[in-house]
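The structure appears right after this line, and notes come after that.
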């Protein structure tokens, strides 16, 4: 019979050590002693175990292991159990998990139309000193319809993905028109997904033939014009083409094609040679200019172009825009800076090459190595200037029992904040700004101070006092209460001054009470006390119990005397242990009536069924032990054997054996005939076994030819005698 792990553990703990003390402490896979260990321990030693990482003390069980008077260790089995991982949840799917404790597995699956993203199963494992799933919780993502594509068009996705329920719209590229449904929806088809509409197509938008022109032609003679088709006109020799030389097929309603504009004209055009004083041509040097010819100008150094630098010969034989001019232009007012000002008065304009000097404003000082000058450049703009002045520094302040928070720096214009350490409150301004004071800089506010947060005097209690008689209580102050003789202190003995709003002080909790507490002497039938023998018990006294052999503790093994003069949790009971149904034994039955449970020390006797026996003989017994488990199971019974048959002048085939149920087959040697059954079977008869039929015999066969011959010879001899 196999024993459970808790039973084996209890049996190991009961093994005796050196008489008079206990041997080394017992070991567990889930816990270890919390302190130093020894090679042996005196009787009565209580060892407190701490659970290994990932385990916690089981509800209602104690981590105490005790050295008993019989030099054995006593402990509750499996007093530490695995911690629980968080309950996993998955949208659009389901989780199958039997337990959330360390080592257990959670399996994930998705609903129809969804597929799993991530691991299909996770295990609750130890991570550091806590437990967690060994991976991220997977998600069920909607199955995606295939990405649709339409030539010369595009798909407009209204949602993030092509999942079930997603709707898409179709549009055609410029120059194409849609033929078919303008939208489709991703739907569930069986366990898969697909679009509910056929994909549309995009046809090119057509145009009619382009218009013809007088005194000119276009080169493209195609008869098929679609969106984007371009035709280019050209004029006969000596004529200029007025208007756009090319027009293209476009659309206004995205269904029908139209030409982008009217056809050009062919006419004679000639513009005069343009000249710009104090400027030069960069392109278009002429001297003859026709329609659309261009000229580009640039002014000489010190001059600025007024008008357009590019002009074009128009159909009216004039330049458009008009020919520009080159004029000298000064710089405007110089740039303004928040940190500096000009040394001299400011004018409205300055000639090219003018150089101006700036000086730092009050509160600022010059940055070494940076120039305070700006120059009017040839392009009539002022040169760029770096930040050549910086704010002066205010002194960095300090406040006792607090700190200064510098937001940027402590230069002119900067702001700083003040905060106090824990237990102190700010008296004064919470911030200050670095400002100009005369010709120097300083903070605009007096520095604040950090005062200790005060508490009122602690509350007094009836029938008790507190030791500290100070009249000044501030953050962190502690007072400890004690009761008059004969009374118990109910609640926390000490309270301390703290704060909730960082301004006013409050005590950390209510004052305790002093009262008479007396609990009754607890007694447990069929059990005994391990600690706390009384007989008088006051507040917070504890008693631990254990049950006698063959009894199990129902309730907590440890109870405590509470303020209401009652034990908490309630005093436990010791209930008689029972074994379950006895083990089944082949071809044997126990005596008495079968029950579902048997009290400890119950003994059952097994007898073999009729026709069966057991090695060593009967009866066999088992006993319900104090551990609520049966002693070793009896041996199985086996069939008895029939007497081995004997057949002279024949053979016996008993391959099936001569045990109960076996068969013996008979056959005779040559010259012999079988008289009786050809086979017999071993059967039960009363409490024994016998063959179901008599054993046959082999009888010699008679020779007929020899008999006849012998008779004939006797007859001849008789006749011969008669003749004589």
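Cβ atoms here come from the backbone N, Cα and C positions, even for glycine.
Here's what TrEMBL has on this protein:
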{"type": "SIGNAL", "residues": "1-20", "note": "signal peptide"}
{"type": "DOMAIN", "residues": "20-82", "note": "domain 'Sushi'"}
{"type": "DOMAIN", "residues": "83-142", "note": "domain 'Sushi'"}
{"type": "DOMAIN", "residues": "143-204", "note": "domain 'Sushi'"}
{"type": "DOMAIN", "residues": "205-268", "note": "domain 'Sushi'"}
{"type": "DOMAIN", "residues": "269-328", "note": "domain 'Sushi'"}
{"type": "DISULFID", "residues": "299-326", "note": "disulfide bond"}
{"type": "DOMAIN", "residues": "329-391", "note": "domain 'Sushi'"}
{"type": "DOMAIN", "residues": "392-452", "note": "domain 'Sushi'"}
{"type": "DOMAIN", "residues": "453-516", "note": "domain 'Sushi'"}
{"type": "DOMAIN", "residues": "517-576", "note": "domain 'Sushi'"}
{"type": "DISULFID", "residues": "547-574", "note": "disulfide bond"}
{"type": "DOMAIN", "residues": "577-639", "note": "domain 'Sushi'"}
{"type": "DOMAIN", "residues": "640-700", "note": "domain 'Sushi'"}
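Broken down with DSSP, the domain 'Sushi' (269-328) shows 0 helix, 25 strand, 35 coil. Ranked by Cβ pairs under 8 Å to the domain 'Sushi' (517-576), the stretches 20-82, 269-328, 392-452 are led by 20-82. Within 10 Å of the Cβ of residue 574 (disulfide bond) there are 20 other Cβ atoms, across all protein chains. Cβ neighbours of residue 547 (disulfide bond) (same chain, under 8 Å, six or more residues apart in sequence): 524, 526, 527, 553, 574. Residue 326 (disulfide bond): 19 other CB atoms within 10 A of its CB, across all protein chains. In the predicted model, the domain 'Sushi' (392-452) shows an average pLDDT of 93.
Neighbours of residue 299 (disulfide bond), defined as other CB atoms within 10 A of its CB across all chains, total 20. Remark: secondary structure over the domain 'Sushi' (577-639) totals 0 helix, 24 strand, 39 coil, with classes taken from DSSP. Per-class residue totals from DSSP over the domain 'Sushi' (453-516), listed helix then strand then coil: 0 helix, 28 strand, 36 coil. Broken down by DSSP into helix, strand and coil, the domain 'Sushi' (20-82) contains 0 helix, 25 strand, 38 coil.
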